[in-house]
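First the structure, in the form of structure tokens, and then the observations on it.
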Amino acid sequence: MAASSSLTLSQAIVGRAISSHGSNPTPSDRLSLPAGFTLPSFSGLKSSTPSSSHSTRLSGSRQIRLSSRSRSAIKAAAVETLDKTTETSLVEKSVNTIRFLAIDAVEKANSGHPGLPMGCAPMGHILYDEIMRYNPKNPYWFNRDRFVLSAGHGCMLQYALLHLAGYDSVKEEDLKAFRQWGSRTPGHPENFETPGVEVTTGPLGQGIANAVGLALAEKHLAARFNKPDSEIVDHYTYAILGDGCQMEGIANEACSLAGHWGLGKLIAFYDDNHISIDGDTEIAFTECVETRFEGLGWHIIWVKNGNTGYDEIRAAIKEAKAVKDKPTLIKVTTTIGYGSPNKANSYSVHGSALGAKEVDATRKNLAWPYEPFHVPEEVKKHWSRHVPEGAALEAEWNAKFAEYEKKYKEEAAELKSIIKGELPAGWEKALPTYTPESPADATRNLSQQCLNALAKVLPGFLGGSADLASSNMTLLKMFGDFQKNTPEERNVRFGVREHGMGAICNGICLHSPGLIPYCATFFVFTDYMRAAIRISALSESGVIYVMTHDSIGLGEDGPTHQPIEHLASFRAMPNILMLRPADGNETAGAYKVAVLNRKRPSILALSRQKLPNLPGSSIEGVEKGGYILTDNSSGNKPDVILIGTGSELEIAAKAADELRKEGKAVRVVSFVSWELFDEQSDAYKESVLPAAVTARVSIEAGSTFGWEKIVGSKGKAIGIDRFGASAPAGKIYKEFGITAEAVIAAAKALC
């Protein structure tokens, strides 16, 4: 762990070890092997150029300020270790510990991906042991460095590092329970399962995009809260991504924005091992990644020997941190499955256990005489310092913040609310309210009123659109654009990058509990970003998705732009709120719900066309998911219940008026959110939809899929189960039968 007041033990040891071995040590030079033991040759290892001038790079790697006691302790430990001529250097032993914890866990589970941890162990060791600032006993310390394993299949790398660093979330028993039911070490990193894991990764490319969001959050908060005499927000975001991440389009979308924004505290390690599941990347991926990233505005460094070039890695990180105005991509050429005599550098080590025979061969190859899951005592002792160091780092920052708070009370209070996720008292009173006399308006316009009202009272509220701000109506009028040179502003211009936008917002949201990001596009284009939205739901990231042009009501743009199945598809997704408000009060209610749900994302489906503000609509009703808008029945016994959402609630209300003229007892129910309604008590649900009333008609300008759950087998669901058409909205509604007349006819057939 990096700390200004201490030199890491591994640096002291490696500096001595390198000078004794010369500038170009070979693998056998670094290994002190038992008598009579020989190293078998590796099969298919890539050639790579080892680092030169190691001792020069090490000595210039950082300024050192040590107490005499610290110097004595480090010197004693270094001499003690170096005198053990029958053992490998401590760094090599630590790196191999990481490798074998991964090998052993995957082997025990008979499932997993050992190749990446074996190849990336050196960079992982250097990051967690020498560079990153964190507190293992408080994984949520605000000013910690963030690490994202975008190549999430290699998660045993991260679990091994968390275990060695002293995180309570990954004990030895957790490593042994890798990929098992109830384990804290699932098959891909999950932030909600394992403290120390920042974001949920697995779908390739999502992680690097999350890392961009984390780095954006740091840059934004630093610009807002740092002072000339107090740099209170100061941390880096590190990520490891592989060839698969590089192939995914989302990575390019997000990294393009990272370059544009000049996220200088984002450092990404590209695990350049040339192997994917199907084999060598020569079969499908031959572009020059460095040239592409250079074009995206990144600083590029190539570490040619990622297997054993520890000082190359150190020097690359030092160089990256010196570049303040660009993110850095460090291409690290590694061998997947490094150390495996027969499977290294092949796809067979990518996604399956090595097998007992190959595990034994790898143990011999790397001179590893220990039992599975064993951490050598000197490695354990070395890593144990991270617990007190981490506590000291946090205590130092807390003291610094206390001084900051004395000088800058207002800013400190605001930052503290973002760190803790505390909403200001009475914030919801800022939301606008409406009456039936308020002018009709599109809910996308009403949404903009809500967004701007919230931005005035929520210090962590920020977001933007995928090049549709003027159509989605998402600009915050009192703020400028978040850009490279104006990172304190809150309007984020994502460009036409829906998928990257969603994943970046996940990163922003998971950076600090009080950051509340929103992002916007047309509802139909959630198809471009569905994977990121699903990760929002899975990772408990409360992003607010502002989705306008929510139905055939958008008119002439036609079926390519008219969502049909989208409402049903998101209602099927776990842990997400699908909200379709009908007017101003319901739009305000939807935002209240979305802001309160910090561990559950929300999608607001909003209209392009104007809608009236309906009598009976309310913010409070939205919080229930479904509520009675109007009702002329008594005793909870209406003749028929008409149910609508969004723009079709008006149609249901008009149909009710006509049916009441004919003497019918009609209840109109607004069904803004199925999920919220499902969470209400049985008594409340019975008060809105009494089981005895089977005459029910729903109307929604979308797929009828799922509506039987609401209207029952004897009810009628009016909707659209085909693609839309290009025409004025009124004409399309009439042709598809989304009309008051259709509702009246269905109601009469039922009662």
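The backbone N, Cα and C atoms fix where each Cβ goes, glycine too.
According to TrEMBL, the substrate binding site annotation covers H113, H350, R444, S471, H549, D557, H561, R608.
Counting every protein chain shown, the number of other Cβ atoms lying within 10 Å of the Cβ of P203 (thiamine diphosphate binding site) is 20. Residues or ranges marked as thiamine diphosphate binding site by TrEMBL: H153, G202, P203, L204, G244, N273, H350, F525.
According to TrEMBL, the domain 'Transketolase-like pyrimidine-binding' annotation covers 441-613.
Sequence annotations record features per position, and here TrEMBL assigns active site, proton donor to E498. There are 27 other Cβ atoms within 10 Å of the Cβ belonging to E498 (active site, proton donor).
Comparing CA positions across the binding-site residues H549, H561, R608, the one lying closest to N273 (thiamine diphosphate binding site) turns out to be H561. Within the same chain, residues at least six positions away from L204 (thiamine diphosphate binding site) with a Cβ under 8 Å of its Cβ are S150, A151, G152, G242, G244, C245, M247, E248, A251. Across the domain 'Transketolase-like pyrimidine-binding' (441-613), the model assigns an average pLDDT of 98. Put simply, F525 is the one of the recorded positions G202, P203, E498, F525 whose Cα lies nearest to the Cα of R608 (substrate binding site).
Fewest other C-beta atoms within 10 Å: among the binding-site residues H153, H549, H561, that description fits H561. Taking Cβ-Cβ distances under 8 Å and a sequence separation of 6 or more, the neighbours of S471 (substrate binding site) in its chain are R444, S465, F522, T548, H549.
Per Cα geometry, H113 is the residue among the recorded positions H113, H350, E498, D557, H561 nearest to G202 (thiamine diphosphate binding site).
Across the residues the record lists as binding substrate (H113, H350, R444, S471, H549, D557, H561, R608), the two Cα atoms farthest apart are 48 Å from each other. Between H113 (substrate binding site) and E498 (active site, proton donor), the C-alpha separation comes to 30 Å.
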